[in-house]
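Enquirer: Structure in structure tokens, see below.
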Amino acid sequence: MELRRGGVGSQARARRMDGDSRDGGGGCKDAGSEDYENLPTSASLSTHMTAGAMAGILEHSVMYPVDSVKTRMQSLNPDPKAHYTSVYGALKKIIRTEGFWRPLRGLNVMMMGAGPAHAMYFACYENMKRTLNAVFHHQGNSHLANGICKRLSGVRKVSPSTDPSPGFSSL
């Protein structure tokens, strides 16, 4: 929140960051908190898809080495010489014995799938959220609408494009 002063003798008045001069009531929620998690309402479909694709690629590329170590630790026939005490210890041992790039093997294929999948999921979620929020709760955000959107967009993402019935049978 920023304070602006008028001329001499005028009272200082609070002005919200978004330009609205309404009194915020002095609550604990500051004016910029909504902007942190939401894209602008004028954001296009391509903006939502780009944001989703970048988030998915980043998430998978960061967690892929940990997932590959976890999969190796859970495998039914692990290497008898492998004595892993923790995920970090296993990652260190794999890098030392098999090379630096071993935990990243297959990451390129994962990223090629994660980008389009997360782009579609994010775009579906944001579009349905905007539509259902208008139906359920005219002022602001509806938790019910967001939950419904989350569930339906997740089902839609993993279902084949031609036949929606297998994905919706799990509802």
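Heads up, residue numbers simply count up from 1 along the chain you see.
Even glycines carry a Cβ here, placed using N, Cα and C.
Pasting the feature list from Swiss-Prot:
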- 1-40: region 'Disordered' (REGION)
- 43-131: repeat 'Solcar' (REPEAT)
- 45-64: transmembrane segment (TRANSMEM)
- 105-125: transmembrane segment (TRANSMEM)
- 143-163: transmembrane segment (TRANSMEM)
Enquirer: In the repeat 'Solcar' (43-131), how many residues does DSSP assign to helix, to strand and to coil?
Expert: 70 helix, 0 strand, 19 coil
Enquirer: To what whole number does the mean pLDDT across the repeat 'Solcar' (43-131) round?
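Expert: Summarising the repeat 'Solcar' (43-131) by its mean pLDDT gives 86.
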